[in-house]
Amino acid sequence: MTETADAMQPAPNEAREQWTELAEEVRQHQFRYYVRDAPVISDGAFDTLLGQLNALEEQYPDLRTPDSPTQLVGGGFATDFTSVDHLERMLSLDNVFDESELRGWIAKVEQETGPELHYLCEVKIDGVALNLVYENGKLVRAATRGDGRTGELVTLNALTINDIPERLTATDEFPIPTLLEVRGEVFFRLEDFAALNASLVEEGKAPFANPRNSAAGSLRQKNPAVTARRRLGMICHGFGRMEGFEPASQYDAYVALAAWGLPVSTHTSRVVGADAVVEKMKYWGEHRHDVEHEIDGLVVKVDEMSLHRRLGTTSRAPRWAIAYKYPPEEVTTKLLDIRVSVGRTGRVTPFAYMEPVTVAGSTVSLATLHNGSEVKRKGVLIGDTVVLRKAGDVIPEVLGPVADVRDGTEREFVMPTHCPECGTLLAPAKEGDVDVRCPNQQHCPAQLRERVFHVSGRGAFDIEVLGYEAATGLLEAKVIGDEGDLFSLDAEKLIEVPIFRTNAGALSANGKRLLANLDSAKDKPLWRVLVALSIRHVGPTAARALAGEFGSLQRIREASVDELAAVDGVGSTIAAAVVEWFSVDWHQQIVDKWASAGVRMEDERDDSIPRNLEGLSIVVTGSLETYSRDQAKEAILVRGGKAAGSVSKKTAFVVVGEAPGSKHDKAVELGVPVLDEDGFRRLLEDGPDAVAPTDLDVSE
């Protein structure tokens, strides 16, 4: 009785002040995480703060109000998207952080339900929650979690995610329910995240720090086309309101979802008892980087649905599920210095030089800080102890300083005003840019070195022997003045470079290999030439599109901005950069030098391949048996067609393979002809007239 009476005593003023400060701090971090997608502390540090707030409210229950951060899922902050109420609340999950806590939760559950339950063990995806509502099998809305009761409407954006079907597929075993509210996680597959960051770097933009933040930002784009280009994925893992669907277990529900065409995880296991759950927890802790996406824990759920109702929920989380959180992949290290480097397009980038530290299985001593504004935003000083995060193969990121351990010896980083390599005054390329650049593009030693090295890259001429050391050696020995001289190198010139000369004064084996590689590179396809020219924003994807459309460097040079921008996959920014590049005299001199040395400046047309798709826009969706996605696109391009990424009224055909997603439905809606793989093959061989009416599936 005494304990109960004490618990009901009102909180003293000191406790109320502590609660106010702590609640405000938690709200600020929720805002940074859920709204700005830019957290400044680790998940572990946030969990600690929330735990302190929760403990204070446990001690003084009158502090726990409905608007307390402990009672809200995700903070509930307003954004630009239309608000929509969920049919049933989207709850969060309570967390445990070690084996004893996990076993304690299982013991508590089984004390109420009986021993040896079936549990589902699901990898916890580090992504963004999404709520889908299907009525009679059709997706009618998609919304973010928001505060758990109200989210943001993102239906158009969700429809661009290939994993999310616009219509469910009925089966004899699993009829379509009249109403299905299903929850899941939107995420980046690691290879897609790496490709996105590579393209951003190609365009001179700062890469995303981690897949979770970029998934959130990509889903919440005002323009759904941007979301579509980001290649997001989704996995379903929970349910809200359901009508006409009463699964006996969570496992059975997942089987039905998969049958209807909804994405479910292939990493889920059904086990019995605490020992088996702990075994799975340890297994995924050791194999968390073997998964195609980032995971930050293991979700354990009681499998039987009737027990869900029996166990019930708290105000924010179900009692029948728990999240075991793995230790965050963050460490602290000393920031020894911040230095800048000058890239091939003149962009000046500050880098953090740190005491080497092991994180996520690799040793890290260097991390980009992107630009001077980012250094200020993070608030790091030279000499700081900083928090470094690296998950799997993701780019290491300095999250911020540990300010409490500063001793006064730290100093502020000052972005240079002049190029550290050539002394030229730095300036942004255009007003409003956060990046500064060295405008001395032709003669800056750093830019020269980076451009020569870039020529050898796998996306350009792919010359293995021409590494960074070789590029530096060639320039320092003055056997080349710029990248334009590379293909004019011969043995007599190369022997003047120390790294290509033997002790006996002869040309080294690597020197001979370099000459052979340069000679074979002259016959590489046009798109590789375009990439090698270091035109800003032009990476392999845009280069392939331009080469496929125009066929020769001369035609690309003569094209207008509008003509270039009309090419699928190019757009106005890249088009303007191409026109600007060719307007510079010394750029043209590089092209002329390469052409004089025998570098191929146009793609030879294979006369055996008909140009029978000239001007036709064709979309390929789903998996084809005899063509990879790239092979299918290449087959369209060489026949004069355009391999488009989205369906519109201008689309001539949509080619459908396995698991096509919403593009098939869009084609049907617009009346665009749909071809299976056999129809696609006939289209390639004999053109659109050869596609018989029976090949045009517009009925489904």
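Cβ atoms here come from the backbone N, Cα and C positions, even for glycine.
Features of the protein shown, as given by Swiss-Prot:
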- Asp43, Gly44, Ala45, Phe46, Asp47, Ser92, Leu93, Glu122, Arg145, Glu185, Lys301, Lys325: NAD(+) binding site (BINDING)
- Lys124: active site, N6-AMP-lysine intermediate (ACT_SITE)
- Cys419, Cys422, Cys438, Cys444: Zn(2+) binding site (BINDING)
- 608-697: domain 'BRCT' (DOMAIN)
Open item on the list: Using a 10 Å radius around each Cβ and all protein chains in view, which of these binding-site residues has the most neighbours: Ala45, Leu93, Cys422, Cys438?
Closed with: Cys438
Task: Among Asp47, Lys124, Arg145, Lys301, which are recorded as recorded positions, the nearest neighbour of Cys419 (Zn(2+) binding site) by Cα - done: Asp47
TODO: Give me the Cα-Cα distance between Cys422 (Zn(2+) binding site) and Asp43 (NAD(+) binding site), rounded to a whole Å.
DONE: 43
Task: Nearest of the binding-site residues (Asp43, Asp47, Arg145, Lys301) to Cys438 (Zn(2+) binding site), judged by Cα-Cα distance - done: Asp43
Open item on the list: Under a three-state reading of DSSP, tell me whether Leu93 (NAD(+) binding site) is helix, strand or coil.
Closed with: coil
Task: Cβ within 8 Å of the mean position of the Cβ atoms of Cys419, Cys422, Cys438, Cys444: remaining residues of the chain near Zn(2+) - done: Val342, Gly346, Pro420, Glu421, Gly423, Thr424, Pro439, Asn440, His443, Pro445, Ala446, Gln447
Task: Extent of the NAD(+) binding site in Å [max Cα distance among Asp43, Gly44, Ala45, Phe46, Asp47, Ser92, Leu93, Glu122, Arg145, Glu185, Lys301, Lys325] - done: 25
Task: Local Cβ density at Asp47 (NAD(+) binding site) - other Cβ atoms counted within 10 Å - done: 15
- [ ] Under 8 Å Cβ to Cβ from Lys301 (NAD(+) binding site), same chain, six or more residues apart: give me those in sequence order, or none if nothing qualifies.
- [x] Tyr119, Leu120, Glu122, Gln250, Trp320, Ala321
- [ ] In whole Å, note down how far the CA of Cys444 (Zn(2+) binding site) lies from the CA of Ala45 (NAD(+) binding site).
- [x] 44
Task: DSSP three-state assignment (helix, strand or coil) for Asp43 (NAD(+) binding site) - done: helix
Task: Rounded to the nearest Å - Cα separation of Lys124 (active site, N6-AMP-lysine intermediate) and Asp43 (NAD(+) binding site) - done: 14
Task: pLDDT averaged over the residues of the domain 'BRCT' (608-697) - done: 81
Open item on the list: Between Leu93 (NAD(+) binding site) and Cys444 (Zn(2+) binding site), how many Å separate their Cα atoms?
Closed with: 55
Task: Integer Å distance between the CA atoms belonging to Cys444 (Zn(2+) binding site) and Asp43 (NAD(+) binding site) - done: 43
